[in-house]
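Novice: Questions regarding the structure given below will be posed in turn.
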Amino acid sequence: MEILKSMIDPKIVMAIVISFIVASILGPIIIPLLHKLKFGQNIRQEGPKSHLKKAGTPTIGGLIFIFATIITMFVMVGNPTDEAMIALYSFVGFGFVGFLDDLLKIIKKKNEGLTSGQKMILLLIISGFLTWYAYKYIGTSINIPFLNGQINLGLFYIPAAMFYFAGVTNAVNLTDGLDGLATSVTVLVTTFLGIISYNLGHISLAIFCVALAGALLAFLRFNAFPARVFMGDTGSLALGGAVAMVALILKMPLILVLIGIIYVIETLSVILQVASFKLTGKRIFKMAPIHHHFEQLGWSETKIVSVFSIITVVFCFIAFASL
């Protein structure tokens, strides 16, 4: 009943509707502009051959749901709480790193923007600043799923949170490898976080979450197979920053292991693939991240996105049961 109550609250419904409408309006404006600026995606040659035909598809489309979410936030919440603003800073801050990465790829005309070292340094700097700023409001404790308890990280909180942000943002980035995949999964993740935020009394934070979910639903119209636009690192890092910060504010970073199970699986598949090849010279998967493995098995992009979304729904219910 609490879940239903949160979803029929007029403010929540309006936030979803407004962000959906704003993103739907921005899409047909921003996508042609990206075409005109020749902000086309460069495709990795070592990736699936079926993806080569996607070369030139506009990227940096994450600006659509970033702007839509920001506009909706300030329309619905004239004076957002500090917690909601911290989530917004994380959303925009990590998105800015992604924007720099995308811009360099476009300038270089190849799928190489910031080096992995440069990107990691920027992610750690932003996460360090945000965590230091946020912990004054949220403390240093985190909840343990299923155990109904907390653990206080004390002095380890800030360094642990910094690497947590780097991990989550990179995980969402890895998930953004198929048309509509990261978008579909993150709609579900942000909806879950919005419901929990509402039920815990964080109304401004809940509005941020559902505004992002509504904007992503609209973006999915342009990003689903065959994609008319890609979110780029601009979008994927922004999404990672948003879900990571909201979960941290709620003292539930560990819950992302459940609701973000696809992010976890995608990341583990890459780690296992690299480790196996270096240690044995053999690959576990036909290609990593794992969504490409299923492509190589003959699954369509639409089927993979559907199955991964269903898995996310199942694990969201498991996460509800753990609270």
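Positions of Cβ are set from backbone N, Cα and C atoms, glycine also.
I grabbed these lines from Swiss-Prot:
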type	residues	note
TRANSMEM	12-32	transmembrane segment
TRANSMEM	58-78	transmembrane segment
TRANSMEM	84-104	transmembrane segment
TRANSMEM	120-140	transmembrane segment
TRANSMEM	151-171	transmembrane segment
TRANSMEM	177-197	transmembrane segment
TRANSMEM	200-220	transmembrane segment
TRANSMEM	229-250	transmembrane segment
TRANSMEM	303-323	transmembrane segment
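What does the local environment look like for each feature on the list?
Specialist: For the transmembrane segment (12-32), the list of distant contacts is 6, 58, 61, 63-65, 67-69, 71-72, 75-76, 194, 198, 206-207, 210-219, 221-222, 228-229: same-chain residues at least six beyond its ends, Cβ to Cβ under 8 Å.
Note on the transmembrane segment (58-78): residues 11, 14-15, 18-19, 22-23, 26-27, 30-31, 34-35, 39-41, 84, 88, 91-92, 95, 98-99, 102-103, 105-106, 204, 207-208, 211-212, 214-216, 218-219, 222-223, 228-232, 234-236, 238-239 of its chain, located 6 or more positions outside it, place their CB under 8 angstroms from a CB of the stretch.
Proximity of distant same-chain residues to the transmembrane segment (84-104), defined by a Cβ-Cβ separation under 8 Å and at least 6 residues beyond the stretch ends, is recorded for 39, 59-60, 62, 66, 69-70, 73, 77, 112-114, 119, 122-123, 126, 130, 133-134, 137, 165, 169, 173, 202, 204-205, 207-208, 212, 232-242, 244-246, 249.
Within its own chain, the transmembrane segment (120-140) has Cβ neighbours under 8 Å at 82-83, 86, 89-90, 93-94, 97, 100, 114, 152-154, 157-158, 161-166, 169-170, 237, 241, 245, 248-249, 251, counting only residues six or more beyond its boundaries.
Sequence-distant neighbours of the transmembrane segment (151-171) (same chain, 6+ residues past either end, Cβ-Cβ under 8 Å): 90, 94, 120, 123-124, 126-128, 130-132, 135, 140-142, 144, 236-237, 240-241, 243-245, 248, 253, 256, 260, 263-264, 266-267.
Among residues of the same chain six or more beyond the transmembrane segment (200-220), those with a C-beta under 8 A of the stretch's C-beta atoms are 6, 11-12, 15-24, 27, 61, 64-65, 68-69, 72-73, 76-77, 80-81, 83-84, 87-88, 91, 180, 183-184, 186-187, 190-191, 193-194, 231, 239, 242, 246, 249-250.
Beyond the transmembrane segment (229-250), the same-chain residues lying 6 or more positions past its ends with a Cβ under 8 Å from any Cβ of the stretch are 27, 30-31, 34, 41, 57-66, 83, 86-87, 90-95, 97-99, 101-102, 113, 123, 126, 130-131, 134, 137-138, 142-143, 161, 164-165, 168-173, 175-176, 182-183, 186, 189-190, 193, 196-197, 200, 202, 205, 208-209, 212, 219, 222-223, 256, 260.
Cβ atoms under 8 Å from those of the transmembrane segment (303-323) belong to residues 3, 145-146, 178-181, 184-185, 188-189, 192, 196, 224-225, 255, 258-262, 291, 294-295 of the same chain, restricted to positions at least 6 beyond its ends.
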Novice: What parts of the chain pack near the transmembrane segment (177-197), using Cβ distances under 8 Å and only residues at least 6 beyond its ends?
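Specialist: The answer is 3, 6-7, 12, 203, 205-210, 212-213, 216-217, 219-220, 223-227, 231, 235-236, 239, 242-243, 246-247, 250, 252, 256, 259-260, 262-263, 266, 289, 291-292, 295, 301, 304-305, 308-309, 312-313, 316, 319-320, 323.
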